[in-house]
Amino acid sequence: MKADIHPNYVEIDATCSCGNVIKTRSTIGKNISLDVCSECHPFYTGKQKVLDTGGRIDRFKQRFGVFGAK
């Protein structure tokens with residue numbers, strides 16, 4: 001590698017909106033803020049909601065199924 005052309009790789013804190021602080025390394029050089037992390041994201045916390053799309057499909061077919069009939 002060439003000398004003096006690479007950015008500094010320093011340790012920073014990534015702070016989530018829930019208050020969780022994650023220590024990581026980056027070339028940004030300053031602390032960053034996150035919207036979601038593994039502590040508050042619904043997928044990781046088990047609070048994920050499954051949407052019932054079957055009702056939407058049936059409703060669509062009911063409304064527009066007449067146009068597809070021959």
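Yeah, the Cβs are placed from backbone N, Cα and C, and that goes for glycine too.
Note that the coordinates shown come from a computational prediction; the quantities given were computed from them, not determined experimentally.
Here is what Swiss-Prot says about this protein:
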| type | residues | note |
| --- | --- | --- |
| BINDING | CYS16, CYS18, CYS37, CYS40 | Zn(2+) binding site |
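Around the Cβ of CYS16 (Zn(2+) binding site), the number of neighbouring Cβ atoms within 10 Å comes to 17. Using a 10 Å radius centred on the Cβ of CYS40 (Zn(2+) binding site) and all shown protein chains, the other Cβ atoms total 16. Each of the binding-site residues CYS18, CYS37 was scored by how many other Cβ atoms lie within 10 Å of its Cβ, and the smallest score goes to CYS18. Summary of the Zn(2+) site environment: with the site residues CYS16, CYS18, CYS37, CYS40 set aside, the chain residues having Cβ atoms within 8 Å of the Cβ mean position are SER17, GLY19, ASN20, LEU34, VAL36, SER38, GLU39, HIS41. DSSP classifies CYS16 (Zn(2+) binding site) as strand under the three-state reduction.
Following the DSSP three-state reduction, the secondary structure of CYS37 (Zn(2+) binding site) is coil.
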